[in-house]
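Participant: Once you've had a glance at the structure underneath, I'll fire off some questions.
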Amino acid sequence: MAAVPPGIRMLVSFDRDQWYRALTFILTFLLYTSFHLSRKPISIVKSELHKNCSPVSEIATLASSSGSPQPPPQPPIHADMDCSWKPFDKKNYRQLLGAMDYSFLCAYAVGMYLSGIIGERLPIRLYLTVGMLSSGLFTCLFGLGYVYNIHNMGFYVFVQVANGLVQTTGWPSVVTCISNWFGKGRRGLVMGLWNSHTSVGNILGSLIAGYWVSSNWGMSFIVPGIIIAVMGVVCFFFLIEHPNDLKSMYAQNTSPGKRVPTKSWNGVNDGHTEVYHQYKDNQTQSYDTELLLPSDSLCVPAQTVVVVKRESEPSAISFMGALRIPGVIEFSLCLLFAKLVSYTFLFWLPLYITKTAHLDAKKAGDLSTLFDVGGIVGGILAGVISDRLGKRATTCAVMLLLAAPTLYGFSMISEFGFGPTIGMLLVCGGLVNGPYSLITTAVSADLGTHKSLKGNARALSTVTAIIDGTGSIGAALGPLLAGLLSAGGWDQVFYMLMTADFLALLCLLRLVTKELTSSKSPPTSAVELKEH
């Protein structure tokens, strides 16, 4: 008989729960990758919406100066093929582009506070599916502006606002799902690996948008819109919100003759609990009984098992109740400034490279992906270090302290060729996105299951939404300020980013002091998340 291949032996060594945990990890990773994939095209297309019109102007001047009569030139199918795309052909194009970013991010910030509260009260799978399908629709609508030659600024602002609102369904939903499946043990590492979906989505979005940006920038939006809509359908069919959902399904599939509910039993069953009568044999038991009876194949005498269930599920936490959780306000304010820096790079880095390095839109978009590659490494390192030390705030503070001078170095070195620029992009990406990644994932999950909640796991989505919603205010302000300040020179933009980094550091000083002065406490990884 031939030996079983080692790969098959490895596959069968995993139990059912491990396979479902892996499925949830991969699926939520891909789902949020598609969210960021659909956000990235606007930063790539900016350099195409406003182009250098001098060649067209020169042709028009030569034609008007020649004395020979010529037929009037035929208007091009799309004006942006020869010049800028109206209304972004004006001198205030930076402000107009910044206003589009601000429309999306301001709507995202406002919607995020409501999204977490709504998400606690609706099935996550359905809530996320509707959000992804709607986001796909509005992303495609932006691209259809090219197809149907739409030059109305109000149309693009409306699409951005609507897309910002529906995209708020994503983050609280996926963080809640992944936290339901993974406990606090090595949460920083797991979340660091998982949160690389942000950078992976940015990279894929840049590559997809860059492929069509010079020939048909409408497709730079339509293709990502289709992708996120398809992933929404996948979410509907495959996302498992909580391990208990599976256990309930397996319990319902057991033989109905094996479970006999009784209506009353003095001292235990008073109308709020149930008593199940179950016999141990070689057949599958219901989930509640499996927890109490032996799992081996030995037969045991018939016995009555009393399962006392809680009277009701814990109620969802209020907004003010979530704010009272220790650390929520500090980390929320820190994320406001950290996300300001990260999203300024997300929306303006390709245009900055285009203007300073004199590259076309596709090459600038490809080069900007290195910032996200550094972000992947930085997020993972932040998670591993904070797991080992058990000090989330201190880890964030050190990276923020190093990020500010690195940003200044990038503004200086980027003028000295590709080699130094590539290196600084990687370093900046790691130091900027490391704290951002840690706060939005592991820190949010820790605070959402804080001991002050006394096991109420329904606070996780609300806490996540508060932290990310506050951060999204900074994400809205950063690109807007960049659009206003860049008119006076890119140096002012980098001074603004360095100031934001220092302010983020100041927000964590109290928590850092508390971590460093506290008695030797076990790392966070030593505290296991209570099953719920």
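Note that Cβ sites are derived from N, Cα and C of the backbone, with glycine treated the same way.
TrEMBL entries are annotated by machine, without manual review.
TrEMBL lists 27-516 with the feature domain 'Major facilitator superfamily (MFS) profile'. Per TrEMBL, the feature transmembrane segment maps to 19-37, 96-118, 124-148, 193-213, 219-240, 328-349, 369-386, 393-410, 422-447, 459-481, 493-512.
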Participant: How about the transmembrane segment (219-240) and the transmembrane segment (328-349): do they have 3 or more C-beta pairs under 8 A, pairs 6 or more apart in sequence?
Facilitator: no
Participant: I'd like to know if the transmembrane segment (422-447) touches the transmembrane segment (124-148) in this structure, counting it as a touch only when three or more C-beta pairs sit under 8 Å and are separated by 6 or more positions.
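Facilitator: The transmembrane segment (422-447) and the transmembrane segment (124-148): touching, no.
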Participant: With pairs 6 or more apart in sequence, are the transmembrane segment (96-118) and the transmembrane segment (422-447) linked by at least 3 Cβ pairs under 8 Å?
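Facilitator: Not in contact, no.
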Participant: What average pLDDT does the predicted model assign to the domain 'Major facilitator superfamily (MFS) profile' (27-516)?
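Facilitator: 78, rounded to a whole number.
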Participant: Assess whether the transmembrane segment (422-447) lies in contact with the transmembrane segment (328-349), where contact requires at least three Cβ pairs under 8 Å among residues 6 or more apart in sequence.
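Facilitator: Yes, the stretches contact each other.
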Participant: Count, for each of 19-37, 369-386, 393-410, 459-481, 493-512, the Cβ pairs lying under 8 Å from the transmembrane segment (328-349), and report the range with the highest count.
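Facilitator: Most Cβ pairs under 8 Å with the transmembrane segment (328-349) come from 459-481.
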Participant: Please indicate, using numbers and ranges, the residues of the same chain that are 6 or more beyond the transmembrane segment (193-213) and have a C-beta under 8 Å from a C-beta there.
Facilitator: 25, 28-30, 32-41, 43-45, 47-48, 178, 219-221, 223-224, 346, 350, 361-362, 365-366, 368-369, 372-373, 375-376, 379-380, 383, 429, 433, 437, 440-441
Participant: In terms of Cβ proximity under 8 Å, which residues at least six beyond the ends of the transmembrane segment (393-410) contact it?
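Facilitator: Counting only partners 6 or more residues beyond its ends, the transmembrane segment (393-410) has Cβ contacts under 8 Å with 327, 330-331, 334, 338, 341, 378, 382, 385-386, 421, 424-425, 427-428, 431-432, 434-435, 438-439, 443, 494, 497-498, 501-502, 504-505, 508-509, 511-512, 514-516.
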